[in-house]
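Input: a single structure, listed below in structure tokens.
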Amino acid sequence: MHGALSTLSEPLEPWPPAAAVTLPVSYRLSNTRLAFFLKETGAGPGGNASAPLQRSEPFVVFQTKELPILNVSLGPFSTGLVLPKEQLQPSSTLEIPDRLTVNWKVRAFIIQPRVLASQPVVQVLFYVAGRDWDDFDVTDRLPCVRLHAFREAREIKSSCRLRGSLATCLVQAELPHAWFGPSAVPLGRRKAPEALDLSGESQPAELYYTLHAPDGDGECPGETAPRRGGGAAWTEGPTQHPLLRIGSISLLQPPPTQLMQEHRLDGNIFIRLPDKPLKPGEVLSILLYLMANSTVEHFTLRYGRVAGDEHASHSARRADAPACC
């Protein structure tokens, strides 16, 4: 009895860790162009300790033109499962009738994010990314892309259809001149008049797009007409998506052309200066020009205030470009 107790008091050798019990199942994916299984670094086969007869193997289907088949084998037994389209292609991706478009996405590129009032056209290039370059059999089934431009409660729409081997199209929408004016926000939210610089103010506009099925002739409605929030609806095919945001553009109203007055100093030089009264502290820029037929190489320009009869001089050498002082 005592010997047994002394034996139990000795240090016990640790039991070796129990091996993970998993099903010896092998998996294989077929009918895919690029797919692979995922495995955590340093981890054993995926299993469930509480349910040893269950096993999970995460995988990714990256490229495929057909519905993949998951083949499972265990000893002499094997079975296969066709993966449903709903698991491979969520409803938010590009839909093409009778075509599997895994990882296909419509991308948008704003050609010019700054739009001038003198050229009030916004352009957006749309293209399909994630597809194979040899997918030519779907070019006649590509959808229409509708551009939505919003400026406060106003909206402009224009459409194009994805076409050709590159599956691209360019949407152009002409913006009304009123969009480049001051913001039409409620009076209580406006800035103070002195805080507004209307000569070079930038107005934001937001761009979105939707995808639509073409009409019976394979064309897309392309009208571009401004309308306010509750305007009449277009006659258009069913939309595949809600509004998807592209980004913002800046609408710029360039400052008015500045009037200049010209004064000839002598037979060689004349100057141009702004034709407006000067404010206290304002910087005056005067452009100095040489006559086209002038042969003078050096000259000295004297300037000063008349009241104090204070003068200064500036020597210059002839250059090919006009001088400014």
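Each Cβ is built from the backbone N, Cα and C atoms, and glycine gets one as well.
Keep in mind that TrEMBL annotations are predicted by a computer and have not been checked by a curator.
Per TrEMBL, the features are as follows:
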type	residues	note
DOMAIN	25-87	domain 'Transmembrane protein TMEM132 N-terminal'
DOMAIN	105-225	domain 'Transmembrane protein TMEM132 second Ig-like'
DOMAIN	260-302	domain 'Transmembrane protein TMEM132 cohesin-like'
| Tally of residues which DSSP labels helix, strand or coil - the domain 'Transmembrane protein TMEM132 N-terminal' (25-87) | 3 helix, 26 strand, 34 coil
| note | Helix, strand and coil residue totals from DSSP for the domain 'Transmembrane protein TMEM132 cohesin-like' (260-302) stand at 0 helix, 20 strand, 23 coil
